[in-house]
Amino acid sequence: MGIKKTSATVFLVIILTISFSYYDVEAESVIEPAKYGACLFLCDARRDDHACFYDCTNVAIYRTGHCVGNPPRCCCIRG
C-alpha cells in the first residue's frame, strides 16, 4: 500500500509541474507584448524582425518594432 501511495504522490507532483510550466509560457505570451505599443500582425518567415522594424518606423509615432511573444507578433515601441 505504501508503494502505491508514494507512486501516486510522485505522479501527481510531475503532472502539476508540467501543467504549471504551460501556464508560464501562456503568461509570457500575454505579458511580453504588453510592454510594447500596438501589435500589428503575426511574424512568420515572410515577416521577420526587419520587416516589423520597417513597418513600425514608417508610422511617425513609433521608434522601433520587434517580433515578441508566442506566437510572435510585430509590436511597435513609441519614440
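For all residues, glycine too, the Cβ spot is worked out from N, Cα and C.
Reviewing CYS39, CYS74, the cysteine that Swiss-Prot connects to CYS52 via a disulfide bond turns out to be CYS74.
For CYS67, the disulfide partner named by Swiss-Prot among CYS43, CYS56 is CYS43. Each residue contributes its Cα atom, and for CYS74 (disulfide bond) and CYS67 (disulfide bond) these two points are 4 Å apart. Of all the disulfide-bonded residues listed here (CYS43, CYS74), the one with the fewest other CB atoms within 10 A of its own CB is CYS43.
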